[in-house]
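According to TrEMBL, the protein has these features:
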{"type": "DOMAIN", "residues": "69-249", "note": "domain 'PROP1-like PPR'"}
{"type": "REPEAT", "residues": "69-103", "note": "repeat 'PPR'"}
{"type": "REPEAT", "residues": "140-174", "note": "repeat 'PPR'"}
{"type": "REPEAT", "residues": "175-210", "note": "repeat 'PPR'"}
{"type": "REPEAT", "residues": "211-245", "note": "repeat 'PPR'"}
{"type": "REPEAT", "residues": "254-289", "note": "repeat 'PPR'"}
{"type": "REPEAT", "residues": "322-356", "note": "repeat 'PPR'"}
{"type": "REPEAT", "residues": "357-391", "note": "repeat 'PPR'"}
{"type": "REPEAT", "residues": "394-428", "note": "repeat 'PPR'"}
{"type": "REPEAT", "residues": "429-463", "note": "repeat 'PPR'"}
{"type": "SIGNAL", "residues": "1-22", "note": "signal peptide"}
Amino acid sequence: MSTELLLSFILLAPAAPKSVGARAPERTPLPASQPVAPLPSRSALCGALKQTRNRQSIARLIAELEPQSQKEYTMCIAAWGRAGDWRRAVGLFDTMSDAGVEPNPFSVSAVVSACEKGGQPARALEIFEQARAGDRFESNVVVFNAALAACSRGGEWRRALDLLAEMQRQGLSPNCNSFNSAISACGRAGELDTALELLSTGMRAAGVEPDVVSWSAAIAACQRRGEWRRALELLDGMRRQGVAPNERTFGASSLAAHGAAISACAKGGAPPERALELLAEMRSSGLRVAVSAAISACGAAGDWKAALFLLDEIRRSGARPDLISWNAALAALDKGRQPRRAVAILDEMAAAGVQPDAVSYNTALLACQRAGEWDSVLELFERVRRAGGKGAPNAFSFNAALAACAATSRAAEAVALLGEMREAGAPPTLRSYAAVISACEAAGEWERALDILREAERAGVAPQLTPAVALQAGLVSLNALESRLLRALGRRT
């Protein structure tokens, strides 16, 4: 019987022994076909905890386990890290100390990693330093690597170098992961020479062999500086070291390396054929890597120019990019804050005989919304309305248009869109109602704003108010909003 099944049963404790002279309470006998499920063991709970990423399941399992040892606390903290909840990971780490369970390198590593993966590199490094300052445990490579990963995410290259040096002073041997994080930190900070020195000299001196991630991080550093010649030299170095792409080694890191090299070629003004040669190499390795993957790699490297360059060159070569390739280019333009080019790509898609879908339109809408191009959002939404089929508007599309109405004080249009949203089978969300209320407020339509607020309450959406949406709508709370609207209405009458 699986642990998940055990946890789904109602756990019944056996009856307590009767005391002398006391009358035992009556108990309804269990049917013979329904035996009492045994309590899951601590090891079973820990095993289930390792296998889930669901936050509700994690919370239930931790409550059932009631961690007591360093190992159990570490396992629970790591589970929150996997689920992407760095706040709960930190909270549990603090609880661990309050409960008198001393942290060890593995528990510190788990909470530092949770913060790093949650996009909180500064918090991760702060916890690392505080834990070490207490001098309550002896650091190891695992905890240093967690801190180095945080340095990588935050571009803290000097700190990464300091940590590498400190590891060696403490008699610890940095491994490939240690150097990879340091190289990545240098690349993110634009310290190309330092990154390449770590790859060539630093790793060799430490007796560490670079892997595909090492080369990829160094090539990405070249991409950020537009150093396409050095990027291609590094790719050659990969081949000479036996890290050339093949079915076994060509994973996400190798794809990222080639994508970054293509991006470096475009950014640094290399002849177009060099980028196409790289793409041909990816295909000739028997990998069948999609064109869209290469374009996505360029976009992920932060270079929309390289993505468009690659898309154009592929089209000139006679190949026909598919919908996924076009959407990858649109995503790169969104990331690069290029709303007008994103809208132009939609036209190019149609001209090439590729019908944009909801992903295409929503990506372009998002690009316009991020740039505050509100008229473009509304114009593009009109196109989405006419598209039909796979490009028909959905909740995301409507919310983008409603946000544009709020930003431009178009109350009547916002209210009409809200009704259209319902008719289209896309139930309005709290964000939808908040945008309409903002549009009505901006236009001085206080009665209408109050009506929309009460409609949201009747729909059961208003109680979901979050700080982010409240901030967007200019609200503090529902009661505060209602009071404000009533006051404004009273002044007007």
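Cβ from N, Cα, C; glycine included.
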Intrachain residues whose Cβ lies under 8 Å of the repeat 'PPR' (394-428), provided they are six or more past its termini: 358, 361-362, 365-366, 368-369, 372, 374-375, 377-378, 381, 384, 435-436, 438-440, 442-443, 445, 448, 452, 456, 459, 461, 473
Helix-strand-coil residue split for the repeat 'PPR' (429-463), DSSP-based: 28 helix, 0 strand, 7 coil
Remote residues contacting the repeat 'PPR' (357-391) - C-beta distance under 8 A, at least 6 residues beyond either end: 323, 326-327, 330-331, 333-334, 337-340, 342-343, 345-346, 349, 397, 400-401, 403-405, 407-408
